[in-house]
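Copied from Swiss-Prot, the annotated features are:
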BINDING   Thr147, Gly168, Asp190, Asn238  S-adenosyl-L-methionine binding site
Amino acid sequence: MIQSTEFFWWKFELVFPPDVEESFLWFLNMAGIKSYAIERSPDNLQDQTLMVWLPSHEWLKKDREEFENSLLALNKAFREDVLNTKWEKIIDEDWSSSWKKFWKADPVGSKILILPSWLELPDIYSNRIVIKLDPGSAFGTGSHPTTRLCLEDLERNPPLGKKVVDIGCGSGVLGIAAIKLGAKEVRAIDIDSLAVRATSENIVLNNLSQKQLSVSLGSIENLANQLNPLSADLLICNTLSPVIKELAPYFFKLTHSYSRLCLSGLLVAQVEDITNFLSILGWELIDSYSSDNWALIRLCRNHP
């Protein structure tokens, strides 16, 4: 008896909230999975759909079950709600091109537009500041609430002529936005080589020079030594509260007396604690903003 060798894909779909997107992308990257897309709508920022195409001959039932359970467990670490999942057998679908149709132009605030690199600029957004990104990397493209909070804050407080430092740059979207909103120069840094590569690629996509936006691999301590005595006017850091606490002792060395901090990646419930912690280090809260359960805080040095 001759067994069928028909090739097909297992298409996995999962509806999820945006605050776990970057964790899912990290998991997919660690698993070596590149055939995925995220369907989102600017009109509904609360739900988006992760779609993953898995070759049938490599992913048996047991492997698929482990894959699904890993994603559900990762979600549970952040929130309690149960996610909807679906498996579908797809015959000869060319995911390498079809996944692109699920990405759309994404307006942020009143001025910014995140535009997937292969799309034409829609006429309706022709007056916006366009940031081109390639969603094929292991980093988000601006849909996470904390990233949007940072972009909206840059829009509210454009860094005209300022020197900016972006700690933990990811895709580079915040540094690119800073330049397009008038910053003189941006120094970006990340401890993840994939982030450095993604940022470098997105710098090219946006026709920026290394003089405008430079990115390097390394720690905040490395950056502090590189910048000294050049101080940043604005320091942006979009990461988790425990990480901010680890990085905070270096903030003074990277800044000057009239610099500002823009910190996000915080839960609303953590704002009081992190603000008190930074106050001990000499920083004073100026403003705070929130979206869903996430928050952004702006601080200045506490002058006696």
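Cβ coordinates are placed from backbone N, Cα and C, and glycine is handled just like the others.
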Discussion item. I'd like the number of other C-beta atoms within 10 A of the C-beta of Thr147 (S-adenosyl-L-methionine binding site), please.
Written reply: 27
Item to complete: Write out the long-range same-chain contacts of Asp190 (S-adenosyl-L-methionine binding site), meaning residues 6 or more apart in sequence whose Cβ is under 8 Å from its Cβ.
Response: Gly168, Cys169, Gly170, Val196, Thr199, Val215, Leu217
Discussion item. In the three-state scheme derived from DSSP, which category covers Thr147 (S-adenosyl-L-methionine binding site)?
Written reply: helix
Practice prompt. Show, in sequence order, which residues other than Thr147, Gly168, Asp190, Asn238 on the same chain lie with their Cβ within 8 Å of the centre of the Cβ atoms of the S-adenosyl-L-methionine site.
Written response: Asp166, Ile167, Cys169, Gly170, Leu174, Ala195, Ile236, Cys237, Thr239, Gly265
Practice prompt. Would you give the longest CA-CA distance, in whole angstrom, between residues of Thr147, Gly168, Asp190, Asn238, the set recorded as binding S-adenosyl-L-methionine?
Written response: 16
Worksheet item: Which number gives the other C-beta atoms within 10 angstroms of the C-beta of Gly168 (S-adenosyl-L-methionine binding site), all protein chains shown included?
Response: 21
Worksheet entry | C-beta crowding around Asn238 (S-adenosyl-L-methionine binding site), within 10 angstroms | 24
